[in-house]
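Read through the structure below, which is laid out as structure tokens, and then see the notes.
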């Protein structure tokens, strides 16, 4: 019977999301989003903040045998422990010489940004040494790092006795993008070879052979390239056929594109190329290049192109001759910003290099496929016994060399697998910068998990899941993590499958994070299954790391479908089909005609929120219809102008991938506004202090109250202040001893401000009132009494004398005693509100003239 319950739940899970018609499935949204502080607090991030006098931590070399990560930066080389980068940190200072810095400054370069030694080459030379090169303040320099044979040797030092010119190995300009690869003692590098940055070339240096490079100052070969990666890919089982593949972007060739445009390329050359005999001497004779295309097909054949290559990652396969190539692209436009990731197969790349060459008859002609005779052996073919039987490129016929020099480009572009990108991002704040991929073995197959770095210092963890075929992939964003304290572009990434760690570099420093955080997905089987993370599975008690070799039948994982109903047995044997037995009910109160916000936010950002209302004495659950009065936000449900019909139990569901999970059960009770008004009026007329519960009532509902009996907030506050300030013993108002009429103690703004001063200041600044009670007190409307003098109009307050001041003080001290004898006349009602408004306006400097006229005279 369990399977019948499962089918029933599955049908309910499919039917309910259909009723959430206004919403659509959240695509390209990370399921979890972790901030920098959350990563640190959960011990999922280790950071090295770098040195104050160093930056540019973007040259990585993974040394798995010694368990170290080598990082080249400005004037320094670092060695980090792969387990924890903050443990056993080693560093070597390698600054540029003062004379080179001075020359760099005199050449017009920025002393702080350019005239340092930025390490740009870190390549393993042998078992004990690392070949290292830096910009050297626009004077490239190279040397060796001694590491020792084993990690226990604990050796990390720079060979101070060996330095050589780094021209053709390291760029002059630290901002210039370059790549290098060291194979069999020979260094292959793509870089610029002059101070001005105009001579771009692909070099092969070191070793026993003569240095070799691409044709110089020929835009058909290279046109201001920026190199992003160099890799060795075998062509056959014969090592003589091995080829070097380069990934770069350059300006479009003349006639290739209207206007100035950036073209992404893949280039190839033979590892055993020795140059030509009479032509192309010490130049590559097997160099070919082709365009890499990454675009989204559009209507009427108009595609959206991502032109600028940013990074490349080769995912090795069982057959080393056919790795899968992942490439990161961005748009060239400043108006439309987007990023994409495309996959390429070596079969498609080889097919393009075996296709037609690009050709044009003159500068005024279009590029067309070459239709003439192609010489033998085909240009681009490596000299070996497998293809052609030539022992060296120096033995190639002259027509082959001439054709290769005039036709370095292929006509057809390399199309991505599936004809479109596997990941696309547009209309977002960030762009992709770096990429590494890990192939993970899961319960239902292998999956490639991508870790994508952005220019805001965040990392996206994305898995592609095949739907009908491997060419139709579903993109699932598992996590988005902030790995640097400030937004900064991620410029380097390395992945260690042995340590299960990811290492990231930027201008701010180095960060390290694990590849998986299974515990953050939740504490339930359904949450772990819905995550669809190939690294994680439910082991019966928690979401933990999945190991394919573990012989545990309780492991539950479903990456392809993400269906908890088929994996989590507790959902089948639970009598509570809706799952609300485990959800705690919360009671909240609202006032009629006010607003109420019911908070409910799912842990997963991919989940959709679905609300139901169960009214009192009604077992049915009614769907919440979103309208002008009800608004659904990412954090909950906002109800404007509560009514009695809103009372009841609100049920909040999370709908994700066809599965419905209850989140909250909120019991809302709506209080009639008339009832609240009666309570407030009763509290206002009661002479005793209100009960504590009445104060809580007032404080809970004050922000939402819209009672008709209270004309303004000022009147409301006046009532509350009077009730709070009323002393325990009732005092009688002041009485004029001569007339027996009670005089209200009305303070002017000036006396109110004086009451805030210390007693001495209050005595000095007190208004001067005559001691004789029969003296006439001028009303406020008469203003200041003035007398005429020969010198002009003089205010009477300037004619007051010192004895008058003393008498006024004595009169003020005597008034409280006199006031006790008079009758008590309590004052309540609107006059207090009017005075409070006038007091506030006078404090803000308004109606100053009225204030001067209404102030009583200080002396007579």
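Every residue gets a Cβ built from N, Cα and C, even glycine.
Listed features, source Swiss-Prot:
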COMPBIAS  838-860  compositional bias 'Basic and acidic residues'
DISULFID  104-115  disulfide bond
DISULFID  133-142  disulfide bond
DISULFID  270-382  disulfide bond
DISULFID  294-342  disulfide bond
DISULFID  518-536  disulfide bond
DISULFID  652-717  disulfide bond
DOMAIN    31-515  domain 'Sema'
REGION    725-860  region 'Disordered'
Residue 342 (disulfide bond) and residue 536 (disulfide bond), Cα-Cα, nearest whole angstrom: 26
Alpha-carbon spacing, residue 270 (disulfide bond) to residue 115 (disulfide bond), which is rounded to whole Å: 36
For residue 652 (disulfide bond), the number of other Cβ atoms found within 10 Å of its own Cβ: 23
Position of peak Cβ density within 10 Å, selected from the disulfide-bonded residues 115, 342, 382: 342
Rounded Cα separation (Å) that holds between residue 518 (disulfide bond) and residue 294 (disulfide bond): 33
Cα distance (Å, whole number) from residue 115 (disulfide bond) to residue 652 (disulfide bond): 61
Length of the line joining the Cα atoms of residue 342 (disulfide bond) and residue 382 (disulfide bond), in Å: 28
Integer average pLDDT (0 to 100) for the domain 'Sema' (31-515): 93
Coarse DSSP state, helix versus strand versus coil, of residue 270 (disulfide bond): strand
Between residue 382 (disulfide bond) and residue 294 (disulfide bond): CA-CA distance (Å): 29
Number of Cβ atoms other than its own within 10 Å, given for residue 142 (disulfide bond): 21
Cβ neighbour count (within 10 Å, all chains shown) around residue 518 (disulfide bond): 20
C-beta crowding around residue 104 (disulfide bond), within 10 angstroms: 23
